[in-house]
Amino acid sequence: MKQVKLILEDGTEIEGTGFGAHTSAAGEVVFSTAMTGYPENLTDPSFRGQILVLTYPMVGNYGVPGEELYESISNIFESDKIHISGLVVNYYSEEHSHWNAAKSLGDWLKEYNIPGIFGVDTRMLTKKLREKGAMLGKIVAEVDVPLYNPNQENLVAQVSPPGVQHYGTGQHKIVLVDCGTKTNIIRCFLNRDVELIRVPWDYDFTQLDYDGLFLSNGPGDPKMCEATIRHLQTALLQDKPIFGICLGSQLMSLAAGGDTFKLKYGHRSHNQPVKLSGTQRCYITSQNHGFAVDTDTLPADWDMLFENLNDGTCEGIKHKTKPFFSTQFHPEAAGGPEDTEFLFDDFLKAVAEYKNR
Ligand SMILES: NC(=O)CC[C@H](N)C(=O)O
């Protein structure tokens, strides 16, 4: 293992030890306070272009599981590869022990040529990112690389599939607009009575025959997804149920005429409290996002559906009369609590009602 550096755009330089691939990489440095779930996090396409700091002090000790494919979908990972640009941890454990571990975290990172750095004071680093906001940064091994801002690119086009795929044989035909979907969203649908049509982010789904529309999570600035927003505007003129998660929530807001903005350092953890509007009910949710919907810009026929109890930001929206709703958090979890998975049932109930109207 060799010495490498983490360098931030404000000039901070932190020395540490390299693990995973011995290479340099640049991106946006963000932190997650989730205590477990690195196999899920690293393969979540929403992390594309980001160097991820895990605040949990020991990482790698349960290794990386082996996977099986079901309908060409992994039973474990959230996509078919690692999407983060680099990984920053305090203590890395190459030694691992778990009933389904197949390899070490370092070996897995090597397979995808992703660098890791450990021996970093992640508490100090996280405090800095909280005070100054998410920053650009780089892990430097032998060769220096320029800083890179992923939010200026259309990252969704990089992670969205090239063509249309069909899954399942249920009675409700759902179109999933894949802007970088986590596979657990697909699993959540396939565990229900659904035939799923997975389409690329810029596909004109308005031409398809379907019962309900689903908008996935995805990386980067939602305003980059102009084609999706345009198609969505057509869908909003109709009455077929629409459900969006994370980026999907931001796209629904933009299509409706609302605005989004970049949060100072984002929400990335498995214990984000959200309140269901009109109730005192709180759910603990899994989150991974750097942008949010500006509640004040929501058009008159829309309401905030959930509110983040830490900072009051919008955690979902709902149309006042039509069956359109979204969450900024992840009801599919993976990782994190599964307490809000019932929202998939709520969506399919709305689909059944629409078909029986
Ligand atoms: N998980 C997501 O879908 C993230 C949405 C968006 N890229 C954000 O960072 O806010």
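Here the Cβ of each residue, glycine as well, is placed from N, Cα and C on the backbone.
What TrEMBL records for this protein:
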ACT_SITE  Cys246  active site, nucleophile
ACT_SITE  His330  active site
ACT_SITE  Glu332  active site
BINDING   Ser46, Gly218, Gly220, Leu247, Gln250, Asn288, Gly290, Phe291  L-glutamine binding site
DOMAIN    2-140  domain 'Carbamoyl-phosphate synthase small subunit N-terminal'
REGION    1-171  region 'CPSase'
Inset, instruction - Using a Cβ cut-off of under 6 Å to any atom of ligand 1, determine which of the recorded positions Gly218, Gly220, Asn288, Gly290, His330, Glu332 qualify. - result: Gly218, Gly220, Asn288, Gly290
Legend entry - Spatially closest candidate among Ser46, Gly220, Gly290, His330, the listed recorded positions, to Cys246 (active site, nucleophile) (Cα to Cα): His330
Inset, instruction - Could you work out which of the binding-site residues (Gly218, Gly220, Gly290) has its C-beta surrounded by the smallest number of other C-beta atoms within 10 A? - result: Gly290
Legend entry - Summary of DSSP states over the domain 'Carbamoyl-phosphate synthase small subunit N-terminal' (2-140), given as helix, strand and coil counts: 26 helix, 53 strand, 60 coil
Inset, instruction - May I ask you to report the DSSP-based helix, strand or coil state of Gln250 (L-glutamine binding site)? - result: helix
Legend entry - Sparsest-packed of the listed binding-site residues (Gln250, Asn288) - C-beta count within 10 angstroms: Asn288
Inset, instruction - Write out, in the order they occur in the sequence, the residues of the chain not among Ser46, Gly218, Gly220, Leu247, Gln250, Asn288, Gly290, Phe291 that have a C-beta within 8 Å of the mean position of the C-beta atoms of the recorded L-glutamine site. - result: Asn217, Pro219, Asp221, Pro222, Cys246, His289
Inset, instruction - Using Cβ-Cβ distances, find the residues under 8 Å from Ser46 (L-glutamine binding site) that belong to the same chain and are at least 6 apart in sequence, listing them in sequence order. - result: His83, Gly180, Lys182, Asn217, Gly218, Pro219, Cys246, Leu247, Asn288, His289
Inset, instruction - Find the longest CA to CA distance in the recorded L-glutamine-binding set Ser46, Gly218, Gly220, Leu247, Gln250, Asn288, Gly290, Phe291; express it in Å as a whole number. - result: 13
Legend entry - Cα-Cα distance linking His330 (active site) and Gln250 (L-glutamine binding site), given in Å to the nearest integer: 13
Inset, instruction - Report the same-chain neighbours of Phe291 (L-glutamine binding site): residues 6+ apart in sequence with Cβ closer than 8 Å to its Cβ, ordered by sequence. - result: Asp221, Pro222, Gln250, Thr260, Phe261, Lys262, Leu263, Gly266
Legend entry - recorded positions listed as Cys246, Leu247, least Cβ neighbours within 10 Å: Cys246
